[in-house]
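Written below as structure tokens is the structure these notes are about.
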Amino acid sequence: MKKHGILNSDLAKIVDDLGHTDRVCIGDLGLPIPSGVRKIDLSLKAGFPSFQDLLDVYLEHVLVEKIILAEEIKEQNPEQLSQILRKLDDGVTVEYVSHEQLKALNQDVKAVIRTGENTPYSNIILQSGVTI
């Protein structure tokens, strides 16, 4: 049995297979997932696991060069935005698009990880960096 790292086998496989510029989305309960895109549904109940719980684990294991957020998070969920920005390494590019554009961008992600988060616009696309 695995002792360390990401224990969820589906999530671990996605993380292990990431290459430079590959994208993964961490989403809230309400984020629609496009047909044909891999869904890793970790939601157990409203609020659990939280968006921040998943973001912490993801950032511990993946070098991120860019994130994409919905513009609406600035006004509709500023506390969530503040927590996200505090966790980013220096040099990570932050891009804001409309919520509709973010949903459209999910057509090309490697996976959408659904959390139990039940606060508005708690969705992020994370683009992998390169360690060399």
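Cβ coordinates are placed from backbone N, Cα and C, and glycine is handled just like the others.
Binding of substrate is attributed by Swiss-Prot to HIS99, TYR121, SER122, ASN123, and the same site annotation extends, among ASP22, ASP28, ASP41, ASP53, to ASP28.
The shortest Cα-Cα distance between HIS20 (active site, proton donor) and any of the binding-site residues ASP28, TYR121, SER122, ASN123 is the one to ASN123. Reduced to three states, the DSSP call for HIS99 (substrate binding site) is helix. Here the binding-site residues are ASP28, HIS99, SER122, ASN123, and the one whose Cβ sees the fewest other Cβ atoms within 10 Å is HIS99.
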